[in-house]
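In what follows, a structure is listed as structure tokens, so that the remarks can point back to it.
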């Protein structure tokens, strides 16, 4: 949420050919081509105004709807008060209907800052009667920021999350702090005969602490513990979240041969400013939660996404399969978010991702536990009638590359690349021994994304600086060239693997089947979208492409 200083999973559903925006009570659908500068098609954007953190994510089991709320200033394309929760709904986590402002702060000089949504099935709060289906008893837990105070408030909905009533005895949690925000609440079942209760993770931001509270009714909260000065601190903690995540196999710190449980707890903490790439970043800790205290399995700092534009991750409450963990993040960075060259909206969300814990071989001699990410999209609809292009078993030469020309480019596509480095004794003498893919604009090929792998550096790179948009040249925080470790997917065959989604002005890269991820925005001129892909290397026969498949999305 806005900082304040006191100083690949296919889902059945509707076609994603139109993002249906509804705002200010107007039910007229607005297509993604109505707006300027290449609005994304499969990443949610507000119809107009400013957006940042995702809030209040939940699944309505009665209507089979996914609900997304978000930090929203409808009056401008920069952050400002009054700040609301915007609201969008989807059947398939791909095509969204935007309902505009849903929950507000109550005064023009205040903000309804970030928070979460729970379903109060058993009416522990006393807000509901039998007229409200238990599956739709939505309660928002959020931060009211007004003047020097930040405190936790609750509001409830009697119509399935479209409108809200504020609790008359707010605030429910106030510690007399100006930096106390972003509550994430979940239900924790009791153990050993104890009753279940609500658990809140909330940031006391500028003392670098996540506080854990418990409550029987969402109104009265008791401090249980804190998680303080862990990981990468930056300038402050924000947007904490605690969730139990399933895994295939996890390396535990005891090296015990005993059988392991089928899940572990993951604590998310976002920091801004002060991320290792500059500005915003989200980290996570793997561990155990006993109902009062979170204990990490080790002292590592793990980052959820290695790109520049992935912040304030929040997970959904009440997924259809309770073991599944889905989440979404804000796809921007506070270093330049308010200057990004889009209009009449500013900012997009990431794709929804499904998270699991997996063993990950960072080198041939060791393995570690990481949070694996898989994009969640309605692939059946997106790939229907979409055009696919393929290259197989191609050894790249320095004289002749490969070129793919996209028919009727939409700007939204997926690609999957598997390649090997063939090796050479004198390759270290080459200044930059790269395999490069140039994703070029269809109307002006002087605007392009360049991405690929360089063997001497042992990393994948992205260059997003080749554009005529002044913002990209003038804002020095909009880092042009970025690198991320691209792990070998198979140390025996030396195969590298990367899956990518490009959507108008955002690219998400999933390395080693999602064990490493990088999300970054980029900006081309209006109506100049990816229309051609060139594959090149300056070093003869250093790389072989086992397969490269590109599919344009049906949007």
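From the backbone N, Cα and C atoms, a Cβ is placed for every residue, glycine too.
Annotated signal peptide per Swiss-Prot: 1-16, in sequence order.
Residues or ranges marked as N-linked glycosylation site by Swiss-Prot: 32 (among others).
Counting only same-chain residues six or more apart in sequence, the Cβ atoms lying under 8 angstroms from the Cβ of residue 50 (substrate binding site) belong to 72, 73, 76, 77, 78, 79, 80, 338, 346, 347. The substrate binding site feature in Swiss-Prot is assigned to 50, 51, 52, 53, 71, 113, 114, 181, 182, 238, 334; the stated evidence is similarity to another entry.
Sequence annotations record features per position, and here Swiss-Prot assigns active site to 53.
According to DSSP, residue 122 (N-linked glycosylation site) sits in a coil region rather than a helix or strand. Summarising the environment of residue 122 (N-linked glycosylation site), the number of other Cβ atoms within 10 Å of its Cβ, over all protein chains shown, is 11. Residues annotated as N-linked glycosylation site in Swiss-Prot: 122 (among others).
What Swiss-Prot records for 123 (among others) is N-linked glycosylation site. The Cβ of residue 123 (N-linked glycosylation site) lies under 8 Å from the Cβ of 134, 137, each on the same chain and at least six residues away in sequence.
Summarising the annotation, Swiss-Prot assigns N-linked glycosylation site to 129 (among others). Cβ neighbour count for residue 129 (N-linked glycosylation site) (all protein chains, 10 Å cutoff from its Cβ): 8.
A C-beta separation below 8 Å, combined with a sequence spacing of at least six in one chain, links residue 176 (N-linked glycosylation site) to 149. In the three-state DSSP classification, residue 176 (N-linked glycosylation site) falls within a strand. Positions annotated as N-linked glycosylation site by Swiss-Prot, on the basis of sequence analysis: 176 (among others).
Annotation for residue 220 (N-linked glycosylation site): spatial neighbours 172, criterion Cβ-Cβ under 8 Å with sequence separation of six or more. What Swiss-Prot lists as N-linked glycosylation site is 220 (among others).
Taken from Swiss-Prot, the feature N-linked glycosylation site covers 226 (among others), and the record attributes it to sequence analysis. A strand conformation is recorded for residue 226 (N-linked glycosylation site) in the three-state DSSP classification.
The N-linked glycosylation site feature in Swiss-Prot is assigned to 255 (among others).
Residues or ranges marked as N-linked glycosylation site by Swiss-Prot on the basis of sequence analysis: 385 (among others). Reduced to three states, the DSSP call for residue 385 (N-linked glycosylation site) is coil.
Look at Swiss-Prot and you will find 393 (among others) tagged as N-linked glycosylation site. In sequence order, 544, 545, 546, 547 are the residues of the chain that are 6 or more apart from residue 393 (N-linked glycosylation site) and have a CB within less than 8 Å of its CB. Taken residue by residue with DSSP, residue 393 (N-linked glycosylation site) is part of a strand.
Under the heading N-linked glycosylation site, Swiss-Prot lists 490 (among others), citing sequence analysis as support. Secondary structure at residue 490 (N-linked glycosylation site), taken from DSSP and collapsed to helix, strand or coil, is strand. There are 13 other Cβ atoms within 10 Å of the Cβ belonging to residue 490 (N-linked glycosylation site).
Positions annotated as N-linked glycosylation site by Swiss-Prot, on the basis of sequence analysis: 549 (among others). The Cβ of residue 549 (N-linked glycosylation site) has 388, 389, 390, 415, 416 as same-chain neighbours under 8 Å, each 6 or more residues away in sequence. DSSP classifies residue 549 (N-linked glycosylation site) as strand under the three-state reduction.
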Inter-residue Cα distance where the pair is residue 122 (N-linked glycosylation site) and residue 226 (N-linked glycosylation site), in Å: 28
- request: Reduce the DSSP letter at residue 129 (N-linked glycosylation site) to three states and note it down.
  value: coil
- prompt: What Cα-Cα separation, expressed in whole Å, is found between residue 182 (substrate binding site) and residue 122 (N-linked glycosylation site)?
  reply: 24
Message: Measuring Cα to Cα, how far is residue 129 (N-linked glycosylation site) from residue 385 (N-linked glycosylation site) in Å?
response: 48
Query: So which one is it: of the recorded positions 52, 114, 226, 385, which has the fewest other Cβ atoms within 10 Å?
result: 385
